[in-house]
Amino acid sequence: MGSLLVNIGYFIAAIVFIYSLKSMSHPSTARKGIHYGGLAMVLAVVITIFHPAITHHAFLTNLLLIVIAIGIGFVIAKRSALKVEMTDMPQMIAIYNGVGGGAAAIIGAIALLQIGMPDANDSSRTLLLAALGGFIGAVSFTGSIVAWAKLDGRMTSTIRYKNRNIVNLFLFGFALLLAILLASEPAPHYFMLFLFFAFTLALGVLIAIPIGGADMPVIISLFNALTGIAVAFEGIALDNGGLIIAGTVVGAAGTLLTLLMAKAMNRSLSNVLFSNFGESKSEAGDIEGSMTESDAANAAMTMAYADRVIIVPGYGLAAAQAQHKVAELVKILESRGVDVRFAIHPVAGRMPGHMNVLLAESGIPYESIFDLDEINDEFKDTDVVLVIGANDVVNPVARTDKSSPIYGMPILNADQAKQVFVIKRGQGSGFSGIENHLFYLDNTDMVYGDAQKVVNEMITTLKSL
């Protein structure tokens, strides 16, 4: 197959891929978007088999290697996709980001090892792009692995140390210098290549280990963007149109999503990566009043006789795997004529769209799920708000206290409702380290306990009415 036909095929695959991203922008078409994305990837792989670089030399050997790689990937992906729980989806996304970045890093390493070989493209431009792709891919790989370990509970502490930004800057600068030197070498320089990847892999780890759990939506989006950019660089180096287009689209979409996530927290990306956000703890001594404790039965009866209820889910819902119980609770309330809606903050959970995925998986209708901008004005006309495992995203201090680390962050106006019930494991503060003023308001009652158990008690109470 000629280069022209291959590029036309890649262009068609890119169109299908872009359409899949467009479809995934709305829950009602997300499933279709995933199918189109898979179709685009299959088409791109098939076209790659007939790429002149593959057919030019040792076609059967290349074909065998491609088939083996596809087979291994298919088996691993199918098994992991069938086994993963919806609550573990952030971990899976982090792993997939890492795999993509690792693949880009390997491509870059191979390009740098082929310097001086027959048929190798030894232009400084090509080698520099390959090195930069390897740089970004390696950072994304180890950073995503650390993100996965944090999300999966295998790394429970957030490690921060003095002068870490200086250390990261040194690693970044030295690795960039090595990339330039490697691209200008007339032959492979193995020790320099080893140092290059040692520094870039270490940089990915050091970037990710200080990041707290609440910043995971931002950092996962960032690594997704980095993986896309790395793939695009390798596509240019390999003269592969499919990689260029797919990598550019993923990189652009990931970058935009990262900035939107950071904006939703009223923080810059540099603040997420380089600040000590969450290290300082503020005390509750400055807050007037005290928390009022209630129980599941009281909350259930209050909701049963309400006209409108808004549920605000957070990471606590995912951690307790309470989404199915919440769906059952909603059905009972709706059968009593209660208008039940869900309010989703952009950074709720541990990945972009985390709460949307869990609620959709439990059968909550898409029409009942609203973003912050869509529903925020409705809280003041709401009888009951049920907060499940959310904290900073409903803290009214973000509107009032300029000295607060979350000041200016858009929040859900839960405090404006007539009555608020908060399901929470204990009295600890959120990721920001500050106390939540919502918990001390006269219209707020705290219901302590595991979210799934508490919601189940609510269901039992409602069934007895």
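The backbone N, Cα and C atoms fix where each Cβ goes, glycine too.
All annotation found in TrEMBL is predicted automatically rather than curated by experts.
Since this is a predicted model, take the numbers as computed values, not measurements.
Marked as transmembrane segment by TrEMBL: 6-21 (among others).
Sequence annotations record features per position, and here TrEMBL assigns domain 'NADP transhydrogenase beta-like' to 7-460.
Taken from TrEMBL, the feature transmembrane segment covers 33-54 (among others).
Annotated transmembrane segment per TrEMBL: 60-81 (among others), in sequence order.
Beyond its flanks by at least six residues, the transmembrane segment (93-115) meets 80, 121-122, 126-127, 130-145, 147-148, 151, 182-183, 185-188, 193, 197, 200, 220, 223-224, 226-228, 230-231, 233-234, 237-238, 351 of its own chain at Cβ-Cβ distances under 8 Å. Per TrEMBL, the feature transmembrane segment maps to 93-115 (among others).
Long-range contacts of the transmembrane segment (127-146) within its own chain (CB-CB distance under 8 A, at least 6 residues past either end) are made by residues 94-95, 97-109, 111-112, 115, 121, 155, 175-176, 179-180, 182-184, 196-197, 200-205, 207-209, 219-220, 223, 226-227, 229-234, 236-237. The transmembrane segment annotation in TrEMBL covers 127-146 (among others).
Residues or ranges marked as transmembrane segment by TrEMBL: 166-184 (among others). Non-local neighbours of the transmembrane segment (166-184) in the same chain are 112, 124, 127-128, 130-132, 134-135, 192-193, 195-196, 199-200, 202-203, 206-207; each lies 6+ residues outside the stretch with a CB under 8 Å from one of its CB atoms.
The transmembrane segment annotation in TrEMBL covers 190-211 (among others).
If you look up TrEMBL, you'll see 218-237 (among others) marked as transmembrane segment.
Look at TrEMBL and you will find 243-262 (among others) tagged as transmembrane segment.
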Intrachain neighbours beyond the transmembrane segment (218-237), with Cβ under 8 angstroms and 6 or more residues off its ends: 90, 93-94, 97-98, 100-101, 103-105, 107-108, 111, 121, 126-127, 129-130, 132-137, 139-140, 143-144, 147, 208, 211, 243-255, 257-258, 261-262, 265, 269, 272-273, 347, 350-352
Intrachain residues whose Cβ lies under 8 Å of the transmembrane segment (190-211), provided they are six or more past its termini: 105, 109, 112-113, 131, 134-135, 138-147, 150, 155, 158-160, 164, 167-168, 171-172, 174-175, 178-179, 181-182, 219, 272-273
For the transmembrane segment (243-262), distant same-chain residues with Cβ under 8 A (at least six beyond the ends): 10-11, 13-14, 17-18, 21, 44, 217-218, 221-222, 224-236, 268-269, 271-272, 346-347, 352
